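To start, the structure itself, in structure tokens.
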Amino acid sequence: MQTNFLSQQFNAGFLAENFTACPANATICDGTSCVLPEDNFNQTLSVVLSTVLTIMLALVMFSMGCNVELKNFLGHIKRPWGIFVGFLCQFGIMPLTAFLLSLAFNILPIQAVVVLIMGCCPGGTASNVIAYWVDGDMDLSISMTTCSTLFAMGMMPLCLFIYTKMWTDSDAIVLPYDSIGISLVALVIPVSFGIFVNHKWPAKAKIILKVGSIVGAVLIVIIAVVGGILYKGSWVITPKLWIIGTIFPAAGYTLGFFLARIAGLSWHRCRTVSLETGMQNTQLCSTIVQLSFTPEQLELMFTFPLIYSIFQLLFALFILAGYRIYRRYQMKTETDVEKTEEKEDSKSSAKMNGGFVPDEIK
């Protein structure tokens, strides 16, 4: 009996040393079939990144609140046409787009569910930072983010029930209402402090706003890059999900902009609604996915929220760059027109004054 045990132990050790298919850290090894210890690296990293991101965005939202006028913010609440358009985009366009993309690419049911979860999530707070840089309506941006996070308590279960029942039972999806509540608190409290600072000390609020907007933009990029580098297996995913992760945020930005324009909103509010539609709360999506599926299922789609996050940021940066180029070109054109008008006015006055024209305008 003891001889057989020692023989089996020797054979296991020999196989572990001579078969590269069996890693050294395997707990059980039988030929090329190995049992590895559970790896909690991704879960730990997700908790760390979520904590850092929550603290960082709370500070950034405080600075964004320094650009909000209380009467304008309350005006959007009292006359919520812009918020209503954003609501249609967030919980109408995005879930429907997710559903159509899942059908069009014929992905696995479990993969379709994670795409739909992303489409049903509320807007992300990073959109407020980008909205500031594209001269959007900050009062509308923050009110939309706040309202979409609040409405998510009821709209996420409803949208998931409607769109996922052809692939899975909606009861199998665990919605972390505590995470949604934390996101709401992390948004409302810092913004409230920012509004108060802007009301009491407007000069200091402008300084805080400039610093916070720069820090927020830099940290958002850092979080995306760090997540992309550190997440194990983040780049090992089916090409179909890569394509969906590219198309989905671009569709959100585009459709949100056009729906806002059709609704008669001004250009700067169209840019705001566009960003609020395309930029989703990817951290919330990751939390829902981890709570709802087994480790085997997670291997098929766990990193889709990360891919969406990267591409939503890239497209937002393209929008920002395009707007800045357009703005610079428009300002240059307006300056040239003003100079031409000044020359014409000077020449006209010169004729009235005996034909004298200064050398600098000839």
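Positions of Cβ are set from backbone N, Cα and C atoms, glycine also.
Note that the structure is a prediction, hence the values are computed from the model and not measured.
Feature annotations, courtesy of TrEMBL:
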type     : residues : note
COMPBIAS : 336-348  : compositional bias 'Basic and acidic residues'
REGION   : 336-362  : region 'Disordered'
TRANSMEM : 45-63    : transmembrane segment
TRANSMEM : 83-105   : transmembrane segment
TRANSMEM : 112-134  : transmembrane segment
TRANSMEM : 140-163  : transmembrane segment
TRANSMEM : 175-195  : transmembrane segment
TRANSMEM : 207-229  : transmembrane segment
TRANSMEM : 241-263  : transmembrane segment
TRANSMEM : 300-323  : transmembrane segment
Under 8 Å, at least 3 Cβ pairs, sequence separation 6 or more: does that hold for the transmembrane segment (300-323) versus the transmembrane segment (140-163)?
no
Between the stretches 112-134, 140-163, 175-195, 241-263, which wins on the count of C-beta pairs under 8 angstroms to the transmembrane segment (83-105)?
241-263
What residues in the same chain, six or more past the boundaries of the transmembrane segment (140-163), come closer than 8 Å to it by Cβ-Cβ distance?
61, 64-65, 68, 73, 76-77, 80, 82-83, 86-87, 90-91, 95-96, 98-99, 116-117, 119-125, 127-128, 131-132, 170, 173, 175, 177, 180, 183-184, 187-188, 191, 269, 272-273, 275-276, 281
Any residues 6+ beyond the ends of the transmembrane segment (112-134) with a Cβ under 8 Å from its own?
57, 60-61, 64, 67, 86, 90-91, 94-99, 101-102, 141-142, 144-145, 148-149, 151-152, 155-156, 159-160, 163-164, 167-168, 173, 180, 183, 186-187, 209, 213, 216-217, 220, 241, 244, 248, 271-272, 275-285, 288-289, 301, 304-305, 308, 313, 316, 319-320, 323
